[in-house]
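Here's what TrEMBL has on this protein:
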{"type": "COMPBIAS", "residues": "206-215", "note": "compositional bias 'Low complexity'"}
{"type": "DOMAIN", "residues": "1-72", "note": "domain 'Lipoyl-binding'"}
{"type": "DOMAIN", "residues": "121-197", "note": "domain 'Lipoyl-binding'"}
{"type": "DOMAIN", "residues": "241-278", "note": "domain 'Peripheral subunit-binding (PSBD)'"}
{"type": "REGION", "residues": "80-112", "note": "region 'Disordered'"}
{"type": "REGION", "residues": "204-237", "note": "region 'Disordered'"}
{"type": "REGION", "residues": "281-320", "note": "region 'Disordered'"}
Amino acid sequence: MPALSPTMTQGNIAKWKKKEGEKIEVGDVLCEIETDKATLEFECLEEGFLAKILVPEGSKDVPVGQAIAITVEDADDIQNVPATVGSGSDVKEEKSTDQDVKSEGGAQETSSINASELPPHVILGMPALSPTMNQGNIAKWRKKEGDKIEVGDVICEIETDKATLEFETLEEGYLAKILAPEGSKDVAVGQPIAITVEDSNDIEAVKTSASSSSGKKVKEEKPSHHGSKAEASKAKGNFKRISPSAKLLISEHGLDASSLHASGPYGTLLKTDVLAAIKSGKGKKSSAVEKGAPPPQKSPQPSAIPSLEPKQSDSFEDLPNTQIRKVIARRLLESKQTIPHLYLSTDVILDPLLSFRKELKEQHDVKVSVNDIVIKAVAIALRNVPQANAYWNVEKGEIILCDSVDISIAVATEKGLMTPIVRNADQKSISAISSEVKQLAEKARVGKLTPNEFQGGTFSISNLGMYPVDQFVAIINPPQAGILAVGRGNKVVEPLLGSDGIERPAVINKMNLTLSADHRVFDGQVSGAFLSALRANFSDIRRLLL
């Protein structure tokens with residue numbers, strides 16, 4: 001049962017929109033859920049099959065987090081789901097145990113706050129912003145402690161495994177206390193992240209109670225922790241992480257790690273921190289410690305061979321990864337391991353495109369990029385060769401043709417590669433595509449894309465023409481079957497046939513296009529037909545206006 005509002009603790013299953021055994025696509029409505037505020041639709045964010053409905057239509061007061069259905073990726077796995085799962089006592093016992101664990105975990109998280117001492121308040125938990133989300137990161141707090149919050153205000157930005165989404169409030173009040181500070185990682189769904197109150201006069205009472213309880217908890221926990229791990233605490237010092245180069249320098253110079261201070265992200269002790277301590281003379285171990293321990297024994301090295309350790313120590317630094325990059329790495333590996341990639345390359349003449357672009361700007365004051373026209377050319381080629389606008393259905397073992405031409409555009413962001421989608425690109429004008437691409441790219445860079453703006457798509461384009469890249473091959477974005485890699489344009493001299501039938505050397509602009517295709521969908525005939533249609537669009541650019 002999803003939490004469809006920050007204050008929702010239970011809901012009613014008003015109506016199931018899908019039946020057991022049915023195929024579910026991204027964005028399909030699984031069921032209608034009646035909350036304390038309204039009846040809302042529960043949309044699916046992943047493909048699969050509805051194998052078993054655990055909570056039937058009309059069920060009342062279903063707690064948030066309780067299992068309401070089981071989905072599977074493969075249709076053949078539906079029969080493997082036990083028929084007894086759902087209404088039996090086993091499920092109730094399993095769920096009650098799970099709820100007990102969750103309540104215990106919640107108690108541990110909020111044990112530093114005595115709710116009885118607080119004025120009327122609401123504890124906001126980490127929301128489940130997608131059906132598969134079980135934890136998230138607090139990317140940014142948009143409201144500060146003491147700020148007034150209205151219905152629909154964005155409280156904070158939460159980074160999930162798919163995107164950075166906004167957490168909106170559905171009730172008025174004041175943000176009294178932030179429990180999970182900005183930058184918090186892997187916060188479990190349901191774990192308290194903030195406290196709100198209805199009256200501004202109650203803010204200080206919440207802050208005071210939370211601070212004093214938190215201080216009391218720290219005082220109680222510290223002695224036992226120090227007593228059990230005194231040596232480990234001394235060795236670790238005032239930092240949470242340490243880079244390999246910093247660890248090596250500490251060992252080489254015999255420094256006391258407990259006196260070093262970290263300046264890196266998320267409390268990481270960097271090499272520069274250790275070098276600064278060495279330069280200032282800080283961090284050295286006391287003479288008593290040095291006398292008590294024998295000097296480190298180094299294995300003799302031939303004088304003719306210089307030591308490479310200092311150079312190696314300069315080569316390492318730990319960098320924290322984002323959730324998005326982790327997902328990208330997993331999906332790229334899966335793509336290369338499970339999809340038989342077929343690569344085909346061709347060159348197209350850019351001069352007609354450049355002339356057309358210049359004409360649009362001078363005569364119609366319409367500014368579009370080369371990439372905008374490439375998107376339109378690819379979309380028209382996919383419409384003319386519908387066999388290329390398809391994907392491989394693993395469950396059925398067959399090719400599925402797509403009804404619409406939806407082009408995914410690769411956009412580089414600080415957190416990783418995103419692929420916003422220009423839907424029905426073959427039906428839109430070049431100027432409309434240009435405007436939409438600008439908006440989607442900006443939203444991707446600031447992490448504001450909604451799931452429907454980057455999930456789906458039938459074909460991808462990766463353009464590195466703005467860099468000195470003549471040719472490259474891209475990795476297919478599953479479950480799609482093709483991605484086009486676009487290189488930069490280069491001036492070349494080639495013989496051209498004149499009107500008099502005589503070939504003469506001429507300077508022309510050429511651009512390389514490389515298709516990475518799923519060989520299960522693209523055989524030689526389909527690949528050749530698609531590239532032929534694409535080349536025709538570039539040679540006669542006005543075909544795109546038809």
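Sequential numbering from 1, following the chain as shown.
Backbone N, Cα and C atoms are what each Cβ position is placed from, and that goes for glycine too.
Mean predicted confidence for the domain 'Lipoyl-binding' (1-72): the pLDDT average there is 84.
Counting residue by residue with DSSP, the domain 'Lipoyl-binding' (1-72) contains 0 helix, 32 strand, 40 coil. Counted with DSSP, the domain 'Lipoyl-binding' (121-197) comes out as 0 helix, 39 strand, 38 coil.
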